[in-house]
Every structure is written in C-alpha cells, then in structure tokens.
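Quick notes on the structure that follows.
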C-alpha cells in the first residue's frame, strides 16, 4: 500500500507544480466546468490516501493498465497529469483532504494519431467500477503543419465538449457511474487531413468455454466461470429454454443445482442427476457496478452407449488379434512337428544304413546341438 | 549356466524375434508413456471432484511408483510362469483398472483404480517385455533393445493427441473407458511373446542323453523360465523341490544372490545416482521456458522436439551399440552417454532465448534416448540373460525411490533459490558424477572379468564334461565365476562351432 499511495502523492505533487506560476498557455481556455471537475479530481486524490484496503488495489491496477495500454499504443503518457486547473494553495489542499468524496478512481487514456488519414484507431477500455475517465486524442508531433480546424468528440450523434489539453491533444472527461455512460466515444480531427479515433468503454468480459463440457446420464457436472482481474458484485446462472434464458434458483431446486460463489471472482455451478434435458447452453452472468457481462458454456449429456461402442469395437479387435496369434502359433507348431517327424524318420533310416556300414555319422551329433 | 544354454541353443537373433520386439515396443511404450499421457484429464477431474491440482497429480505419481515398485513381483511371476502369461494378465489388469476408473466417484477411488491397479498392470507389462528380448536376442540384442525402448516416445506422441481427442468427444469418464480397451492391446503384445522353444529342445536332449549327469539345477531353472505345461520336466521339478533348501527356493523365484554380484552392484549404485537427476529436467523444461518468457505453445513444442529426437536416437544408439567396436565395451558407452546427458544440463543455463533452448532440447533428446536405449541392455550384459529376470525386478524397486524423489527435489531447489538454473546444475552434476562412477567401476570390472576369464581358460584343459558339471554346481556357489559379460557365449559359440566341425562335440 505504501507504493500505491506514493504514486498518488507523486501525481498530486506534479499537479501542484504545474499549478505554480508559469502554467502552460493552453491552460487558459478552460471552462469553469472543467475547473470544478479538476478540483473534484484533486479532492479525490487526497482521499485516496485514506482509502480502505480494497480500493487501493483497483486504483493501482487501473494506473498500471493505463500505462500499459498507453505504451502499447505508442503514446507515452506519463503519470504526470497536465490537466489544467486553478491555482491551489496549501490551505485548499488541506480542505480537500477533509472533504468527504465518493470512491471514484481516476483513469486516463490516450490515442496517438498518426499515419494515413482516413483510418480510425480504436481502443477498448474495461471498467468494472464507477470512475472518472479522461479520453484524449493526440496528434503526432510530426504533423504540426496540418491546421486542425475542427475537433469533434462524439458519442453516437451527441457532441461532447472537449478541452484543448496541449497544442496538439484534445480530451474529454467523463464520470462513468452506470452503464448508460458506457459505450463508444469518438474524436474526429478535421483539417487538411482527417483523423478519427474511437474509445470503447465496456464492462469486463467473462469468458466461457468454447468446447462443450461432456457428461453422462445420471452423472453430475461442475461448470466454472472465472473473472480474472475484476471482482463482480454478484453472479447469476441462466439456462436456455428454447430461446429464453431462465435464471437458475439454487435454493429452490437444491437437489438439482448447487451454486458456489466463493471465492468472489469464481463461481461454480454443479448440476446433479443429469438427464438429456439438461443438454444445452448455460450462461454465467457477472454483475458489476457498471453493468453485467455474460459468458457462455455448453453442456452435452451423453448416454453411456456412446463411448461403449468404440470400447466394444476395440475389445473385439483385441480378442480377434489374440485368437489369430494363437492360431498361427498352433499352426506353425504343427508344421514344425511334422517337419521334425519327417526328419527323425530320415535320421532313423540313415542310422540304420550307417550302422550297417559301420560308420559314425556326424550329422546326428549336429542335430543334437 | 547361461553359457551352457548359449552353446546348446543360441537365441535366434531374428525371425520371430522381430515380432517379439514389436510386441515389446507396444508394451514398453504403454508402460512409460501412459502416466504422462493421462495428465490431460487432470484439469477436468480437478474441477469435478473439487480438489487441488497436486492431489490429482498424485494419480500419476502412484501409477509411476507402482510400475517401478512392483518390479520384483513381475520378476517372480516371470521366473515362475514365463513372460507371456504375465504380460497378458498385466494387460487385462490395466484394462480392468481403467474401466473401473470410468465409474469412480471419489479421488481416492481414482488413486486405487488408475494409480494402483493400472500401475500394477503396467509393471507386469514392462519387466517381462524387457526380459523376453534378452531371451530372443544375443548378437543383435542392443538393436532389439533400442527398437523396443523407442516405444516410449512414439507412444507418448500418439497418446497426447489421442487423449485430447477422446476428451473432447467423450469427457473424462468415456475416455477412461476407451483407454481401458486400448490398454487391452497389451494382451495382444503379450500373445506375441512366444515362449522360446529352442532351449526346450536342448533340455529335452540333455535329459535323454545325459540322464542324471545333467545339472539338475539347470534343468529346473530353465523349465521355470520357459515353462510349457505339455512338458516333461514337471516330474524332475517335483523331485528337486524336496531337495532344495530355503535359500535356494527363494532364489529360484527372485535371485537375491545378485546382491553379491559385482557388476550388478556397480550398475545399481550408478543408476540409482543417475535417476536423481534424470527426469527432473523434462518435468521442468516447459515451466522453465515459460519462466524466461516463451509462450505456452512454443514451450510445449520444445517437448515435442525432445520426443522426436528421442524416437530417432534410441534405435540409432542400438545400432551403434551393436557394432563390433562398441559392443565389447558397451559399459563405457553407457557411462559416456550419462555423462553427456549431465553435460547438457550443466550447459543449459547458458542457453539464452528460444533458439538456445531448442538446441538444448535436441541434445537432451539425443542424450535421453541414448541412455534409455541402453538402460536394460547394459544390465543384461553384466548379469546375463538368465539372471536378468530377477535383476530387473530388484533394480526397478530400488530405482523407484530415486525416480520419484528426483522431480520433487528439483522443485524444492527451484522454490528455494527462485531460479531454475540451480536445478539444472544439480541434475547435471549428479549425472556427470554417476557417469564417471560407472566408467571407473566398469573399467575395474572389465579387468576383473578378464582375469577370471584367464583362470577359466586354464581350467578348460580339464575334460569338458567335468567342466560343465562344475559350472552347473558352481551355479549356486560361485556366481561371479559364471556370470561374465554376455560376450562369453559369443566367443565360446565360435569355439563350439570349430570343435563341432572337427568332429568332437560338447554337450
């Protein structure tokens, strides 16, 4: 936790340093709305220092994610926040700490626009808890000559007021408190060339299993859904009946369904006494503060006849092969014996003739060996 | 005794022997590869029974432990009934184990069905397969051993995708059922292990011609090994049983007198040491690759490279070991391959990046195949085909401990130091040590054997029948004298042929 609060503190210090005399010219064209928002931000950050143990985890995560995503997008966004705002005195700061504010985390994302005009870059942002989000579009510094006349931030058809963060970046700030505020936000830069970038704000996706889980009549099955980095508030399971999805109530049908929700980011659905009717698609739904997300799992219920057929086929093959081997052995032994008997007969004849000749034959000796 | 048998009727070295090699290929392949191949089902079983991964991994460990630990039981049964019935019974046992595993309702039942019963069945497959190769081959035995041992990587490469396919289509229960049927194919392999008929002929003649002069112990022992119910020695055997004393009776089933055998002890100590560092690198290769940043599929591919190189290395080693330069000094070749294996592990930490690891995998696969191909060949060479039956059982039960200890020790080292390289260094050092030990001790052994050979040649001036009798009686008294390396029959066979041509014959 000290590391986390240290980071927040550094950001706060950076922010304060920017507020000191000699702020950038771009600070000036700011609306009061933005200023209050920034102030709100400042109030958030100190309170973060006193946050309970669970919250810091999410914040650090978000900060890290933010850095990672930014880096992957080739836009180095430092932790230093260059959001303009009014000058703050130490007294204001103290006041801010004492203020009670909501548990909002602060994240920012940036898309660096470069390359061919007309192409649009996209970014997926996952949010599970309410947050203040700043989205910015930055034009790569190699295009200073392009006169960007018009900058538009839109969500669908609705235009959002933006701020000119620096001379070649524009951003909007959003407070996302429920799922209505999620969606796709786009920024369009028009000038000599046109650039577009889209941010998709979404709840975390739950992954189901692509391959069906296979089980048998009368057996039981356990289906698991995991949400790796985000902890949902609640889990619900649905089964598909025709085209509708029906929630599974495990308290009502406790001899058929058992739902295990511990630990919080995993859920187990155990279905007992399977029948053919239980075959089909199941959904596990994770409820986050900002919305719901579903994962699909497929269950296939087979009868025991299904694997029994290949089993019997292979069993038959084994028996046939063993029989063939033994029959061949008996057959070749008979052949050998037959040949030996003939040889013995010949030897006996030869012995008789040799004895009568009085010559020892070495061939007998050979045969003995 | 084996010398006399060799002279009387040498192993066919071909013909039906190659069919036996194929049967051994299948049998040995299942024995080694099955425990590894079954790990694909573990995730699902873990979810189903709600246990931790290590609890499920015990299934594999129990199976491996039983396969090695039940070696003496295997040896006793082979000594009594011969290879064929034992392998067929083993195959049946495997099948029953896996089929009953398909209906298990707890992890404990899985331990018993998959771990214990199937492991026992595989043990009854492994030892007799190795033993019967020794009975069918002499001159080409290294090639036969190399080919048969190649079954392990081939089966592993086949079982892995097969198990995945079965799992996707039938779930784990159905897969176990079908795998039970597949394991029954070991019975087919067993059916191919025709009891070797050539030596029987010689026994029959010995009895007819020499009568009581024939060393009785030899006859009974041979009849134990290659028992044919439709056969005369049954009478002789009952007579002998009363005459034997307790020690000899036990030794008839499992030859504990091997522990006085110099070559056997050298082999045992060297191998026990070697197995401490033998399997750990394979177990940790993929995790190590992932640790240094390689993705999962490339890490799995490293193991495939290892298996493919292994597949080719084993028969190739067999051919090399059979050549006239290497065969007389096969123990040195074995020690060299162990040391080479150790050297690979010691150099592994120097491998940087994926290409380095690929090179390491290739050399490791090569070294691994070389050692495995000669594992049983060298024991046969030291101990002789007749006593090999008991030897292999005793060796496997002693090795069982170190084999099972190897990976967990490696794991503890990794956890303690947090770095994989110490595990590789430990394995490499242990194997280089084992290789050097074997090299030095075998040099000593070869010298002692040469000395004893000279003494024996001196005795050869005596009438030949006396010598055969002496050999037979000294069977139980002086083991060291008779059990030289298997080259004895080779050289003596040539002599025997010469004497036959000259008209004199020794029977």
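Yeah, the Cβs are placed from backbone N, Cα and C, and that goes for glycine too.
Automated prediction, rather than curation, is the source of TrEMBL annotations.
Feature transmembrane segment, per TrEMBL, maps to range B:264-285 of the set B:220-241, B:242-263, B:264-285. For the transmembrane segment (B:89-122), the partner stretch with the highest count of Cβ pairs under 8 angstroms, out of B:15-35, B:264-285, B:332-352, B:422-444, is B:15-35. Between the transmembrane segment (B:422-444) and the stretches B:15-35, B:264-285, B:332-352, B:358-376, B:388-410, the greatest number of Cβ pairs separated by less than 8 Å involves B:332-352. Remark: the transmembrane segment (B:56-77) contacts the transmembrane segment (B:388-410), by the rule of 3 or more CB pairs under 8 A. By the count of Cβ pairs under 8 Å, the stretch nearest in packing to the transmembrane segment (B:388-410) among B:143-162, B:264-285, B:332-352 is B:264-285. When Cβ-Cβ distances under 8 Å to the transmembrane segment (B:332-352) are tallied for each of B:15-35, B:143-162, B:174-193, B:264-285, B:358-376, the top count falls to B:358-376. In this model, the domain 'Major facilitator superfamily (MFS) profile' (B:17-446) carries an average pLDDT of 84. Only pairs six or more apart in sequence are counted, and the transmembrane segment (B:15-35) with the transmembrane segment (B:358-376) gives fewer than three Cβ pairs under 8 Å, not enough to call it a contact.
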